[in-house]
Ligand code: NAD
């Protein structure tokens with residue numbers, strides 16, 4: 001059953017941040033009746049012009065929803081949405097379907113899925129890749145885990161937010177694939193930082209070098225989307241250093257449980273920690289290049305070029 005106001009179904013959206021605000025807007029623009037909640041008062045108000053209504057509490061948002069979608073920072077916030085006094089187990093949504101699109105721990109996802117299923121609520125984990133631009137343009141890559149019927153029920157809503165949508169396995173499988181995705185992203189950013197650092201030491205024009213790399217087999221999404229900002233020293237976020245560090249922590253936790261040795265990931269995680277220790281946590285991921293500035297002594301006024 002859908003609300004008479006909506007063409008396709010009522011969505012409760014929890015977490016209206018950098019990604020969530022674009023995704024909620026796309027759901028509204030696809031004709032869904034969206035009611036949103038964020039812990040920061042006022043976060044939802046910018047979406048009023050798209051018809052997104054603000055709820056004062058989680059239960060106020062989810063009670064009448066056909067589907068609940070979350071885009072929250074980390075595992076504890078999603079656990080609170082599920083298990084909290086105001087959460088999904090205490091106040092089940094009418095449609096009994098929950099899609100978590102945050103990046104969180106696969107094991108915790110599996111446990112929440114079991115608890116929800118016992119209460120008659122289906123959970124789909126559907127983390128995304130594509131950044132704020134992909135969220136804005138409804139071109140996200142979405143990797144989903146959960147039962148086939150739950151995935152199929154979620155699909156019409158996922159199509160309003162993404163273009164590449166894959167069901168990759170049972171509960172938690174979407175998060176497992178997302179962690180593999182993040183490992184590749186972090187190591188790719190690190191590789192670009194190292195190449196720019198070496199190119200700089202030769203006195204090469206880095207903007208031109210980026211164009212050359214983009215034209216050949218070294219091209220990547222990261223080089224395309226973050227390379228110019230690295231070279232220009234623009235550290236504005238996008239995808240924050242803090243969030244990638246959270247993802248690398250999830251990757252290394254999962255690797256320890258395997259156990260799976262991931263030596264390169266351990267190294268890049270240490271570099272992200274160094275960036276956080278220098279107060280860069282709220283900056284975009286391209287600020288990893290500043291770790292290389294520091295390694296090269298540039299912050300102490302060392303020349304960027306080769307030693308004579
Ligand atoms: P964000 O911090 O901008 O947004 C999170 C939002 O959740 C904030 O508005 C915050 O106020 C809200 N929030 C926090 N705790 C809450 C609670 N208990 N109840 C309700 N609202 C709460 O983060 P983001 O960049 O939008 O990322 C969200 C998730 O998506 C993260 O898991 C991140 O790893 C993942 N992700 C981000 C990107 C990106 O490029 N930013 C890309 C892919 C995936």
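Keep in mind that glycine also has a Cβ here, set from the backbone N, Cα and C atoms.
Listed in TrEMBL:
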DOMAIN    10-169  domain '6-phosphogluconate dehydrogenase NADP-binding'
DOMAIN    172-292  domain '3-hydroxyisobutyrate dehydrogenase-like NAD-binding'
Secondary structure content, the domain '3-hydroxyisobutyrate dehydrogenase-like NAD-binding' (172-292) (per DSSP, counts of residues): 90 helix, 2 strand, 29 coil
PLDDT averaged over the residues of the domain '6-phosphogluconate dehydrogenase NADP-binding' (10-169): 97
